[in-house]
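One structure is given below, encoded as C-alpha coordinates.
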Amino acid sequence: MEEKAKGEEKKVGVIETWLRKHRLLFNGATRHPLILSIRDGSINIASFKSWLAQDYLFVRAFVPFVASVLIKAWKESDESGDMEVILGGVASLEDEISWFKREASKWGISLSEVVPQQANKKYCGLLESLMSPDVEYSVAITAFWAIEAVYQESFAHCIGEGSKTPEELKGTCERWGNEAFAKYCLSLQNIAERRLQKASDEELKKAEAMFLNVLEYEVDFWNMSRGNV
Ligand SMILES: Cc1ncc(CN)c(N)n1
(Lines of atoms letter the chains of each structure in order from A and count residues from 1; the text may use other names and numbers.)
(Lines give C-alpha, C1' and ligand atoms only; values in the text may rest on other atoms or scores of the structure.)
Protein backbone atom coordinates (compact mmCIF):
# COMPACT_ATOMS: atom_id res chain seq x y z
CA MET A 1 0.00 0.00 0.00
CA GLU A 2 1.18 3.49 -0.80
CA GLU A 3 2.33 5.46 2.16
CA LYS A 4 0.34 8.62 2.76
CA ALA A 5 2.30 11.86 2.55
CA LYS A 6 2.56 13.78 5.79
CA GLY A 7 -0.53 15.86 6.50
CA GLU A 8 -2.56 13.86 4.00
CA GLU A 9 -4.41 11.78 6.61
CA LYS A 10 -8.18 12.12 6.41
CA LYS A 11 -9.49 14.53 9.02
CA VAL A 12 -12.11 13.11 11.37
CA GLY A 13 -15.38 14.87 10.55
CA VAL A 14 -17.68 16.70 12.96
CA ILE A 15 -20.32 13.95 12.92
CA GLU A 16 -17.78 11.16 13.36
CA THR A 17 -16.35 13.09 16.33
CA TRP A 18 -19.84 13.36 17.89
CA LEU A 19 -20.53 9.67 17.25
CA ARG A 20 -17.32 8.77 19.09
CA LYS A 21 -17.92 11.25 21.90
CA HIS A 22 -21.57 10.24 22.44
CA ARG A 23 -21.26 6.55 21.53
CA LEU A 24 -23.09 5.37 24.67
CA LEU A 25 -26.05 7.67 24.03
CA PHE A 26 -26.16 6.67 20.35
CA ASN A 27 -26.13 3.00 21.33
CA GLY A 28 -28.88 3.70 23.87
CA ALA A 29 -31.10 4.92 21.03
CA THR A 30 -30.16 2.25 18.47
CA ARG A 31 -29.88 -0.78 20.78
CA HIS A 32 -32.95 -0.08 22.86
CA PRO A 33 -34.58 -3.06 24.66
CA LEU A 34 -37.53 -2.89 22.25
CA ILE A 35 -35.15 -3.33 19.30
CA LEU A 36 -33.21 -6.06 21.11
CA SER A 37 -36.48 -7.87 21.79
CA ILE A 38 -37.33 -7.77 18.07
CA ARG A 39 -33.90 -9.13 17.25
CA ASP A 40 -34.04 -11.97 19.77
CA GLY A 41 -37.67 -12.81 18.97
CA SER A 42 -38.98 -12.13 22.50
CA ILE A 43 -40.95 -9.03 21.42
CA ASN A 44 -44.41 -8.62 22.86
CA ILE A 45 -46.71 -8.04 19.90
CA ALA A 46 -48.80 -5.50 21.87
CA SER A 47 -45.66 -3.36 22.18
CA PHE A 48 -44.98 -3.70 18.47
CA LYS A 49 -48.54 -2.69 17.58
CA SER A 50 -48.37 0.26 19.93
CA TRP A 51 -45.10 1.40 18.33
CA LEU A 52 -46.60 1.00 14.83
CA ALA A 53 -49.69 3.08 15.65
CA GLN A 54 -47.69 5.85 17.33
CA ASP A 55 -45.08 5.91 14.58
CA TYR A 56 -47.78 6.40 11.94
CA LEU A 57 -48.74 9.66 13.69
CA PHE A 58 -45.06 10.63 14.00
CA VAL A 59 -44.43 10.06 10.28
CA ARG A 60 -47.40 12.28 9.36
CA ALA A 61 -45.76 15.07 11.38
CA PHE A 62 -42.37 14.21 9.89
CA VAL A 63 -43.56 15.07 6.34
CA PRO A 64 -43.96 18.84 6.90
CA PHE A 65 -40.68 18.85 8.83
CA VAL A 66 -38.82 17.29 5.87
CA ALA A 67 -40.60 19.76 3.55
CA SER A 68 -39.30 22.60 5.74
CA VAL A 69 -35.74 21.25 5.40
CA LEU A 70 -36.29 21.24 1.63
CA ILE A 71 -37.21 24.94 1.80
CA LYS A 72 -34.07 25.69 3.83
CA ALA A 73 -31.96 23.78 1.29
CA TRP A 74 -33.51 25.79 -1.54
CA LYS A 75 -32.83 29.07 0.29
CA GLU A 76 -29.49 28.39 1.89
CA SER A 77 -27.69 25.52 0.26
CA ASP A 78 -24.49 26.06 -1.69
CA GLU A 79 -24.98 22.71 -3.46
CA SER A 80 -27.95 22.02 -5.72
CA GLY A 81 -27.63 18.27 -5.07
CA ASP A 82 -29.00 18.75 -1.54
CA MET A 83 -32.47 19.46 -2.91
CA GLU A 84 -32.60 16.22 -4.91
CA VAL A 85 -31.66 14.13 -1.88
CA ILE A 86 -34.23 15.81 0.36
CA LEU A 87 -36.92 15.76 -2.35
CA GLY A 88 -36.32 12.01 -2.68
CA GLY A 89 -36.91 11.80 1.08
CA VAL A 90 -40.23 13.65 0.83
CA ALA A 91 -41.35 11.39 -2.05
CA SER A 92 -40.48 8.18 -0.20
CA LEU A 93 -42.59 9.29 2.76
CA GLU A 94 -45.72 8.92 0.64
CA ASP A 95 -44.82 5.27 0.18
CA GLU A 96 -44.05 5.00 3.89
CA ILE A 97 -47.49 6.31 4.87
CA SER A 98 -49.15 3.79 2.54
CA TRP A 99 -47.00 1.06 4.10
CA PHE A 100 -48.17 2.06 7.60
CA LYS A 101 -51.80 1.88 6.46
CA ARG A 102 -51.35 -1.59 4.96
CA GLU A 103 -49.42 -2.80 8.00
CA ALA A 104 -52.03 -1.38 10.42
CA SER A 105 -54.83 -3.17 8.62
CA LYS A 106 -52.79 -6.40 8.73
CA TRP A 107 -52.50 -6.06 12.52
CA GLY A 108 -56.11 -4.94 13.06
CA ILE A 109 -55.20 -1.39 14.12
CA SER A 110 -57.67 1.40 13.39
CA LEU A 111 -55.36 4.35 12.67
CA SER A 112 -58.14 6.95 12.91
CA GLU A 113 -58.58 6.02 16.57
CA VAL A 114 -54.94 6.28 17.60
CA VAL A 115 -54.32 8.94 20.25
CA PRO A 116 -50.80 10.37 20.41
CA GLN A 117 -49.00 9.62 23.66
CA GLN A 118 -47.02 12.22 25.58
CA ALA A 119 -43.57 11.28 24.23
CA ASN A 120 -44.94 11.33 20.68
CA LYS A 121 -46.53 14.76 21.18
CA LYS A 122 -43.25 16.05 22.60
CA TYR A 123 -41.25 14.70 19.67
CA CYS A 124 -43.71 16.14 17.11
CA GLY A 125 -43.42 19.45 18.99
CA LEU A 126 -39.66 19.34 18.47
CA LEU A 127 -40.19 18.74 14.74
CA GLU A 128 -42.54 21.70 14.61
CA SER A 129 -40.06 23.97 16.38
CA LEU A 130 -37.42 22.99 13.82
CA MET A 131 -39.68 24.18 11.00
CA SER A 132 -39.20 27.81 12.05
CA PRO A 133 -37.28 29.89 9.48
CA ASP A 134 -35.10 31.02 12.42
CA VAL A 135 -33.61 27.52 12.70
CA GLU A 136 -30.43 27.25 10.67
CA TYR A 137 -30.20 24.75 7.80
CA SER A 138 -27.18 23.10 9.49
CA VAL A 139 -29.20 22.42 12.66
CA ALA A 140 -32.30 21.16 10.80
CA ILE A 141 -30.34 18.87 8.47
CA THR A 142 -28.42 17.48 11.46
CA ALA A 143 -31.71 16.61 13.15
CA PHE A 144 -33.04 15.09 9.91
CA TRP A 145 -29.96 12.90 9.49
CA ALA A 146 -29.98 11.81 13.15
CA ILE A 147 -33.70 10.87 13.10
CA GLU A 148 -33.23 8.68 10.01
CA ALA A 149 -29.89 7.25 11.16
CA VAL A 150 -31.33 6.01 14.47
CA TYR A 151 -33.98 3.97 12.63
CA GLN A 152 -31.49 2.71 10.07
CA GLU A 153 -29.01 1.53 12.73
CA SER A 154 -31.77 0.08 14.91
CA PHE A 155 -33.61 -1.95 12.30
CA ALA A 156 -30.48 -3.06 10.45
CA HIS A 157 -29.44 -4.67 13.76
CA CYS A 158 -32.67 -6.71 13.71
CA ILE A 159 -31.83 -8.30 10.36
CA GLY A 160 -28.11 -8.64 10.92
CA GLU A 161 -26.33 -11.94 11.39
CA GLY A 162 -27.66 -14.16 14.17
CA SER A 163 -30.98 -12.32 14.47
CA LYS A 164 -34.10 -14.28 15.43
CA THR A 165 -36.56 -11.63 14.32
CA PRO A 166 -40.03 -13.17 13.86
CA GLU A 167 -40.97 -13.66 10.20
CA GLU A 168 -43.95 -11.27 10.44
CA LEU A 169 -41.71 -8.41 11.62
CA LYS A 170 -38.98 -8.83 9.04
CA GLY A 171 -40.70 -6.51 6.52
CA THR A 172 -40.70 -3.71 9.09
CA CYS A 173 -37.00 -4.20 9.80
CA GLU A 174 -36.19 -4.34 6.07
CA ARG A 175 -38.00 -1.06 5.54
CA TRP A 176 -35.35 0.91 7.47
CA GLY A 177 -32.57 -1.66 7.65
CA ASN A 178 -32.06 -2.12 3.91
CA GLU A 179 -28.97 -1.03 1.94
CA ALA A 180 -30.74 1.70 -0.05
CA PHE A 181 -31.95 3.36 3.15
CA ALA A 182 -28.41 3.12 4.57
CA LYS A 183 -27.11 4.94 1.46
CA TYR A 184 -29.79 7.59 1.79
CA CYS A 185 -28.75 8.16 5.44
CA LEU A 186 -25.16 8.50 4.30
CA SER A 187 -26.19 11.15 1.75
CA LEU A 188 -27.95 13.07 4.53
CA GLN A 189 -24.88 12.69 6.74
CA ASN A 190 -22.66 14.07 3.96
CA ILE A 191 -24.91 17.09 3.49
CA ALA A 192 -24.96 17.73 7.25
CA GLU A 193 -21.19 17.26 7.50
CA ARG A 194 -20.55 19.74 4.68
CA ARG A 195 -22.70 22.36 6.37
CA LEU A 196 -21.18 21.73 9.79
CA GLN A 197 -17.68 22.19 8.35
CA LYS A 198 -18.68 25.75 7.45
CA ALA A 199 -20.73 26.50 10.58
CA SER A 200 -19.84 29.02 13.28
CA ASP A 201 -18.96 27.75 16.79
CA GLU A 202 -22.38 28.81 18.02
CA GLU A 203 -24.15 26.91 15.24
CA LEU A 204 -21.99 23.85 15.90
CA LYS A 205 -23.00 23.90 19.56
CA LYS A 206 -26.67 24.15 18.62
CA ALA A 207 -26.36 21.29 16.12
CA GLU A 208 -24.59 19.03 18.64
CA ALA A 209 -27.27 19.79 21.25
CA MET A 210 -29.92 18.96 18.63
CA PHE A 211 -28.21 15.63 17.88
CA LEU A 212 -28.37 14.78 21.60
CA ASN A 213 -32.01 15.93 21.77
CA VAL A 214 -32.92 13.56 18.95
CA LEU A 215 -31.21 10.63 20.73
CA GLU A 216 -33.11 11.39 23.94
CA TYR A 217 -36.47 11.74 22.15
CA GLU A 218 -35.89 8.50 20.24
CA VAL A 219 -35.30 6.64 23.51
CA ASP A 220 -38.49 8.16 24.97
CA PHE A 221 -40.33 7.08 21.82
CA TRP A 222 -39.19 3.44 22.15
CA ASN A 223 -39.96 3.54 25.89
CA MET A 224 -43.50 4.70 25.23
CA SER A 225 -44.30 1.50 23.31
CA ARG A 226 -42.55 -0.73 25.80
CA GLY A 227 -44.71 0.65 28.56
CA ASN A 228 -47.79 -0.53 26.72
CA VAL A 229 -47.32 -4.20 27.42
C1 LIG B 1 -39.70 8.06 16.00
C2 LIG B 1 -39.15 7.86 14.63
N3 LIG B 1 -37.87 8.17 14.37
C4 LIG B 1 -37.40 7.99 13.08
C5 LIG B 1 -38.17 7.51 12.08
C6 LIG B 1 -37.63 7.31 10.70
N7 LIG B 1 -38.19 8.19 9.77
C8 LIG B 1 -39.49 7.22 12.40
N9 LIG B 1 -40.34 6.72 11.47
N10 LIG B 1 -39.99 7.38 13.69
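Keep in mind that glycine also has a Cβ here, set from the backbone N, Cα and C atoms.
Those TrEMBL annotations? Automatic predictions, nothing curated.
For Glu218 (active site, proton donor), other Cβ atoms within 10 Å of its Cβ number 24. Residues or ranges marked as active site, proton donor in TrEMBL: Glu218.
Sequence-distant neighbours of Glu148 (substrate binding site): residues of the same chain at least 6 apart with a C-beta under 8 Å from its C-beta are Gly89, Phe181, Tyr184, Cys185, Leu188. The secondary structure of Glu148 (substrate binding site), as reduced to three states from DSSP, is helical. Taken from TrEMBL, the feature substrate binding site covers Asp55, Glu96, Glu148.
Marked as domain 'Thiaminase-2/PQQC' by TrEMBL: 20-226. Restricting the average to the domain 'Thiaminase-2/PQQC' (20-226) gives a pLDDT of 97.
For the binding site of substrate, formed by Asp55, Glu96, Glu148 according to the record, the largest Cα to Cα distance is 13 Å, rounded to a whole number.
Neighbour list (Asp55 (substrate binding site), Cβ cut-off 8 Å, at least 6 residues apart, same chain): Phe100, Phe221. The residues near the substrate site, meaning same-chain residues not in Asp55, Glu96, Glu148 whose C-beta sits within 8 angstroms of the mean position of the site's C-beta atoms, are Phe58, Val59, Phe62, Leu93, Tyr151, Arg175, Trp176, in sequence order.
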